[in-house]
């Protein structure tokens, strides 16, 4: 019997672990504001991620690096007011945990205390294990992120597929096993070969959520604005657009502009 039914009033980490054991795929999407999050939470979504991708889609930056911890907390506070059923996870932004495990746990505690989020997500493997240990020791549920890690874009040199070479794939597998051993409840795998995604998912007992990691992982995540077709210039191979909101919004606003210019809005029924 599938675990995921409309009877579940609040998705928990235990539900996600059980979903993997039942081979039931996990759905995950980003949200950054109250209005969109309100809709998402009525769809049966399992996980809502307040992603540092807000730096791109909300603030217009070319990378995730500029967004601050205070900004992430502000976005997450708005989303928390709307999300009641899905598990709410918040990205730890660049600079909030790298190289300083004490700072990492302080940042994670701030996120949980000030937003009411259910969990945090953190990028990296062996190099951040001390930060992960401290965060978990504070009782904060933690999701990992391996493969293409956007906060390391300057080191990686671009947004190309990761772990194609045998030694790179082995290192990713080791990092995934380490994160599970430390106590992470799930890991995002971004832009890696589908075969490797399958191998990691089969090796680990915790759920692996893919974005460009093939169909064999335990769930999928996309950026909301991307899957709704709002950003016409962003079209990676892994993205499936479920709507064309760019043109819907553009035509709607153009229609409004013309109605105002032609004195067709408001009409008598729309006036007091």
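Just so it is clear, glycine is given a Cβ too, placed from its N, Cα and C backbone atoms.
Contacts of residue 52 (3-methyl-2-oxobutanoate binding site) defined by a Cβ separation under 8 A and a same-chain sequence distance of 6+ are given as 64, 67, 72, 91, 92, 93, 94, 150, 151, in order along the sequence. As annotated by Swiss-Prot, 3-methyl-2-oxobutanoate binding site applies to 52, 53, 91, 121.
The annotation Mg(2+) binding site is assigned in Swiss-Prot to 52, 91, 123.
Per Swiss-Prot, the feature active site, proton acceptor maps to 190. Under a cutoff of 8 A between CB atoms, and with a sequence separation of 6+ in the same chain, the neighbours of residue 190 (active site, proton acceptor) are 145, 146, 147, 148, 149, 150, 162, 210, 211, 212, 213.
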Query - CB contacts for residue 53 (3-methyl-2-oxobutanoate binding site) [other CB atoms within 10 A, all chains] - result: 21
Query raised in the report: Taking the mean position of the Cβ atoms of 52, 53, 91, 121 as the 3-methyl-2-oxobutanoate site, which residues outside that list, in the same chain, have a Cβ no more than 8 Å away, listed in sequence order?
Result: 30, 49, 50, 51, 54, 64, 72, 90, 92, 93
Query raised in the report: Of all the binding-site residues given, 91, 123, which residue's CB has the most CB neighbours within 10 A?
Result: 91
Query raised in the report: To the nearest whole angstrom, what is the C-alpha distance linking residue 123 (Mg(2+) binding site) and residue 53 (3-methyl-2-oxobutanoate binding site)?
Result: 13
Report summary line: Per DSSP (helix/strand/coil reduction), residue 91 (3-methyl-2-oxobutanoate binding site) sits in strand
